[in-house]
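Note sheet for the following structure.
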Amino acid sequence: MPEDGLLEERNRRRVIFHSDMNAFYASAEQAERPELRGVPLVVGGHEERRHGIVLAKSAQAKAVGVVTGEALWQAREKCPGLVVVTPRYDVYQKYSRLARRIYYQYTDLVEPFGLDEAWLDLTGTLALSSRSALDVACEISQRVKDELGCTVSIGVSWNKVFAKFGSDYRKPDAVTVVVPDNYRDIVWPASVGDLLYVGSATRAKLHSSGIDTVGDLACASPELLRRRLGKVGGMLRTFARGEDATPVKPFDMARNEVDRTVKSFGNGLTAPHDIACEADARALIWLLAESVAQRLREARFRARTVSVGVRDAADLSGYGRQVTLPRATNVTGRIARAAWDLLVANEPLDDTRPLRGLHVRASNLEPMDAPQQLELAFDPRRRALEDLDEAVDELRRRFGNTCIQRGTELLDESLLDLDVKRDNVVHPVGWF
Ligand SMILES: [Mg+2]
């Protein structure tokens, strides 16, 4: 139909950036403390009883083989001069804000994705300018470097999925442009798991149908995909073909509409290192709950149900437990506490039964409703901060001061560049 053609044409003329701050937590620490620049550095928890793990690493630590998720003592063995710093939530918030401030000078259509990533819709901006998208992307990258001391990788495309792909394609400190002329050469040869929203379960199903690359997915028969994956199959095929038309949704605490297709928010980590003590498990639960709660707040949802998924280190078997809360919430502390209670009720959290992976999920979602919105309109940021404070207080009462530092300062999934796309993506139910 001609109207469809017109829409498609308009879609292809969009200019979307995805900007990803590289090694964000370590870079923010180095930007904040000039004496640490150029030094192998990791952000990590407490080193008690040889149990602390690496949560993020600088480029210099990565260069000598330090891996996210490994024990701090192992990282030290690889890198004798390694500097370990404890995470500082407020610093990362600050750098996230500073980067967004730069983005907002180019467009008001900025959709944050965690603390260190954002989509920008530059269509309108560039229509009024004679500059190329590449030129503007390079300028943004240079400004973040000059003004913040951090590098970004930026993907430029006509849709969000390919823009995100581009920011992962070359990094750090790179700009990748994916256009209709080159996407078959750049995106299609990549593993299908590199595509946003393709999780490990989906990847396994696709693989068993002989679909290994993004190009295979793009060219697969819609019937086959529907049989294997249901409705999601068709959606993923659309994404692989560059036909993702979803808009960049600016983050606005007071906005009305919510995406009702989203059924849950989840985040998980499979650690290369056994989780065999309470402190590590607690840090991880906090970290995951924080990112889940943050995404809930950004998407303007509260959740009634919190679940925890556990993967056993011995045989990699897994199970899940869930609890329904008396009131829906998006407060980090409430979600973390619910997940933690579920975990301690089911696991000894000691050397007798080490774990390999943990997952936290919030479901049974309720949009943040109208009466609450009036309240928010009064002062949205303050309200969000109050929620955070409330969470901190709750943790402090329950677990004491040390855990608060760990709990609230530990952060969002991009901290763990371990397996980000696979496990740490906002997804409607059934997408994994
Ligand atoms: Mg990043």
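Backbone N, Cα and C atoms are what each Cβ position is placed from, and that goes for glycine too.
These come from TrEMBL:
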- E117: active site (ACT_SITE)
- D20, D116: Mg(2+) binding site (BINDING)
- 16-199: domain 'UmuC' (DOMAIN)
- Y25: site 'Substrate discrimination' (SITE)
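Only D20, D116, of the recorded positions D20, Y25, D116, place a Cβ under 6 Å from an atom of ligand 1. Across the domain 'UmuC' (16-199), the model assigns an average pLDDT of 92. Shown in sequence order, D116, E117, V152, S153, I154, G155, S167, D168, K171 are the residues of the chain, 6+ apart in sequence, with a C-beta less than 8 angstroms from the C-beta of D20 (Mg(2+) binding site). Fewest other C-beta atoms within 10 Å: among the recorded positions D116, E117, that description fits E117.
Of all the Cβ atoms in the protein chains shown, 31 others lie within 10 Å of the Cβ of Y25 (site 'Substrate discrimination').
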